[in-house]
Amino acid sequence: MNTLSQQILKHRRIDYFFVGFTRFFAFLVLMSLLGITISLIIDAWPAMKTFGLKFLVSSEWDVNNDDFGALTAIFGTVATSAMAIFIAVPVSFGIAVFLTELCPLWLRRPIGIAVELLAGIPSIVYGIWRLFVFAPWFSETILRPLSLGIVGVGFFTAGLILSIMIIPFIASVMRDVFETVPKMLKESAYGLGATRWEVLRNVVFPYTSTGIVGGIILGLGRALGETMAVTFVIGNVWNISFNPFHAGQSITSALANEFNEADGLQISSLMFLAVILMLISLIVLSLSKMLLIRGAKHKR
């Protein structure tokens with residue numbers, strides 16, 4: 001009996017240690033996020049105190065006169081991400097529908113692996129390819145015949161490269177949510193004489209709409225935070241233009257290009273940009289998570 005009590009006590013101690021060990025790492029993640037946020041705010045505080053909310057609506061970025069604003073970088077970030085979503089969503093949608101509804105079994109796995117491999121390519125490889133291969137070709141083949149007089153870097157090029165980078169994420173989420181549709185629902189619709197398009201429109205899409213939107217927002221969050229690929233091809237010009245072929249600036253490219261040489265109020269303004277990007281990404285990813293959880297509850 002004494003030996004049994006000792007074994008029980010030993011097992012309890014092991015359990016307590018295991019629970020404490022895992023809890024430590026769980027709280028370590030939260031503390032790391034909190035620490036990063038606090039350090040960014042502290043470093044950005046001089047710019048916050050100097051410019052206030054004017055920083056969000058000012059398009060100035062004058063290093064010589066210490067006059068800084070985030071509007072140009074925010075515009076570039078939103079513009080390139082919106083273009084990426086506009087291009088990536090139809091492509092991802094087509095991939096997911098083909099893999100789950102139309103693709104032969106022998107072809108499904110190779111295509112799925114190829115799509116997933118796109119997500120594993122480093123972003124700097126995308127950026128270099130776009131800068132040295134796609135941008136010159138695009139400028140010579142498309143822009144020059146149209147007499148636009150524009151080089152091959154700018155918002156559109158950045159949005160296009162972002163779309164290729166987020167397609168695997170959106171397509172994977174869409175494929176997963178499409179596969180959650182009960183076969184009985186689809187077979188019942190086919191039994192009533194529905195076509196494939198009618199099954200997709202009336203059964204699959206309504207059943208998975210929340211998950212689809214969540215996957216799109218997840219891809220948007222990925223596009224918002226991309227740095228190196230965008231830095232290579234956006235043009236890095238502090239300019240607000242509604243012409244998609246003009247060069248511009250984004251938050252991430254501004255941080256990558258100017259951080260090493262910045263000092264004083266400029267580095268504080270860059271930190272302010274980082275805080276803004278972090279808040280935007282947090283809101284987007286939180287919304288995506290909420291929609292995916294809501295979709296999972298709906299399916300139960």
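Note that Cβ sites are derived from N, Cα and C of the backbone, with glycine treated the same way.
Quick look at what TrEMBL lists:
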{"type": "TRANSMEM", "residues": "21-48", "note": "transmembrane segment"}
{"type": "TRANSMEM", "residues": "68-99", "note": "transmembrane segment"}
{"type": "DOMAIN", "residues": "74-288", "note": "domain 'ABC transmembrane type-1'"}
{"type": "TRANSMEM", "residues": "111-129", "note": "transmembrane segment"}
{"type": "TRANSMEM", "residues": "149-178", "note": "transmembrane segment"}
{"type": "TRANSMEM", "residues": "199-220", "note": "transmembrane segment"}
{"type": "TRANSMEM", "residues": "270-292", "note": "transmembrane segment"}
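The listed stretches are 21-48, 149-178, 199-220, 270-292; of these, 149-178 has the most Cβ pairs under 8 Å to the transmembrane segment (68-99). Tallying C-beta pairs under 8 angstroms between the transmembrane segment (270-292) and each of 21-48, 149-178, 199-220 places 199-220 first.
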